[in-house]
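Here's the structure we're looking at; comments come further down.
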Amino acid sequence: MVSRTRGAHVLVWEQPGLEDQRPKAYSGGLGTRHWVTFMLFLGMANAYIMRTNMSVAIVAMVNHTALPVDKEAIDTECGNVDPNKTSVASTQDGSFVWSSTLQGYILSSFFYGYVLTQIPFGILSKRFGARLFLGVGMLINSVFGLLVPVAAEAGVGWLILVRFIQGLGEGPIVPCSHAMLAKWIPPNERSRMGAAVYAGAQFGTVISMPLSGLLSAYGFAGGWPSIFYVFGLIGTVWCVAFLLLVSEDPEVCPRIKEAEKKYILSSLWGAAGSSSPPIPWSKILTSMPFWAIMLAHMGQNYGYETLMTELPTFMRQVLHFSIKDNGFVSALPYLCMWLFSMFISVVADWMLSSGRFNHTQVRKIINSIGEYGPAIGLFIAANTGCDPAATVAILAVGVGLNGGIYSGFKVNHLDISPRFAGILMAFTNCLANLTGLLAPIVAGYIIEGRPTQAQWRIVFYIAGGVYIFCASFYNIFGSGRRQEWDNPAEDEALAKKAAAKKVEKMEKKAAKNPNVAETAH
């Protein structure tokens, strides 16, 4: 049941005065959609474990004492360096003599594969379904993860190739997860369910960092290889379970209860199945709500990369304190972000269920917390002076508030276009990851050779400004209303129009060639 408002089709229960007609909540407790959400959460956690474990393992793989050491520029505004505080003893060295530049190529090879497959898999999942691409892609990621130790022994070229293939396999995780959420999760549950899935990224990082360190020091097969064997095996088990136990959508799921199926399908208008009409590329690319999400996503990745990669460097160079000296402190920002994203997602869905706020208002309010909060944190961090404790606290709070984005722009694709959500996410996630590359490049250019507080202040101000600009753009042009270019009510009319054009084209050919006249008729 749909209605036309201001030229756009909307869900009937989103119209003023008709809130009583929204689908009744399913009272059957935990259902199949919760199982799907849980499996996607584990998949997201596994994906981020695979992405981050190399950064921990490479420390144990490299023979640091065999490398030429360049003295790092250190700022003395906060006093001279205390060697007992900042030095990290090399209790074990690996066997690979890889320079810092070569290590950078190894670490980035995964990223390039990951970015390359975002858009192709987003388009393919729209046509053929998301489940198979997600499961098989992550299976490739996990299996090749098991091959990392062998590839490293074979040569650095083989290692880069294996990590690149891992990145290719992980490419479907975000667009395909988004596409499955669009098929399984009713609109009034998307904030907390979407946040639960994407919070797997922080959960995976919290697990990966300390556990990879322990396996590197005490694991089997020589230490660091056990990181890839353990996580590769866990990832493979998840992939098999996902492919066997998770269905593409409620309509083809053999285990879902009929009551829950009706609840989900009645909540979704024009479900995001593979039989959806052709992708309206021109309308998407001229849609301001889409570009609002795009800018918010790009600003998020730039600011997030600055927070997570540059603040520790700032504390080492200026405050003479290494955040990596303490495993708990290293994981604390991710833990705060995970916990806050869970809390704020419940708040967001409560705001929607209360009927006092519409989707547009909720997305903008929660996203403002998620992007303005870290911006303020960056501005404060730029002026904390010589206080490591305050900087760590700001890092934790700033990244923690950043968890609001999962109930903000991150699930907004599902609001404006459930049927094309995977494709929209593929585009925004691809460009956002490319934007994230600029953060360390810009910071490195500014502080190269002169890591003073004044120079670092410029780095933080730029990142905070990007956050504010992109969040403000989203607040102006963003929308939580389903867009008219994703309107199931017009599918039949569009199909007839396309068929008429096809017949007209064939009749023109028939006029020129009598042999095709019968076919045209």
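Each Cβ is built from the backbone N, Cα and C atoms, and glycine gets one as well.
In TrEMBL, annotation is done automatically, which means it is predicted and not curated.
Keep in mind that this is a model prediction, so the values were computed, not measured.
Positions annotated as domain 'Major facilitator superfamily (MFS) profile' by TrEMBL: 56-482.
According to TrEMBL, the feature transmembrane segment maps to 96-116 (among others).
Residues annotated as transmembrane segment in TrEMBL: 128-150 (among others).
Annotated transmembrane segment per TrEMBL: 156-174 (among others), in sequence order. Nonlocal intrachain contacts for the transmembrane segment (156-174), taken as residues 6+ away from its ends with a CB within less than 8 angstroms of a stretch CB, comprise 43-44, 47, 50-51, 54, 96, 98, 102, 105-106, 109-118, 120-121, 125, 130, 133-134, 137-142, 144-145, 147-148, 425-426, 429.
Taken from TrEMBL, the feature transmembrane segment applies to 195-221 (among others).
The transmembrane segment annotation in TrEMBL covers 227-247 (among others).
Annotated transmembrane segment per TrEMBL: 331-352 (among others), in sequence order.
Here TrEMBL flags 388-409 (among others) as transmembrane segment.
Residues annotated as transmembrane segment in TrEMBL: 421-446 (among others). Among residues of the same chain six or more beyond the transmembrane segment (421-446), those with a C-beta under 8 A of the stretch's C-beta atoms are 111, 114-115, 118-119, 121-123, 125-126, 130, 174-176, 178-179, 181-182, 272, 279, 284, 290, 293-294, 297-306, 309-310, 313, 413-414, 455, 458-459, 462-463.
Nonlocal intrachain contacts for the transmembrane segment (458-477), taken as residues 6+ away from its ends with a CB within less than 8 angstroms of a stretch CB, comprise 288-289, 291-293, 295-296, 298-300, 302-303, 306-307, 310, 314, 364, 367-368, 371-372, 374-376, 378-379, 381-382, 408-409, 439, 442-443, 446-447. Here TrEMBL flags 458-477 (among others) as transmembrane segment.
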**Fill in**
Residues outside the transmembrane segment (96-116) whose C-beta sits under 8 Å from one of its C-beta atoms, at least 6 past its ends, are 51, 54-55, 58, 61-63, 66-67, 152, 156, 159-161, 163-171, 430, 433-434, 437
**Item:** Within the predicted model, mean pLDDT of the domain 'Major facilitator superfamily (MFS) profile' (56-482)
**Value:** 81
**Asked** Apart from its near flanks, which chain residues at least 6 from the ends of the transmembrane segment (331-352) lie with a Cβ under 8 angstroms of it?
**Response** 187-192, 194-196, 198-199, 202-203, 205-206, 209-210, 307-308, 358-359, 361-362, 365-366, 369-370, 392, 395-404, 406-407
**Item:** Outside the transmembrane segment (195-221), six or more residues from its ends: residues with CB under 8 Å to it
**Value:** 37-38, 40-49, 52-53, 56-57, 59-60, 91-92, 149, 177, 181, 227, 229-231, 327-328, 330-331, 334-335, 337-338, 341-342, 344-345, 348, 403, 406-407, 410-411
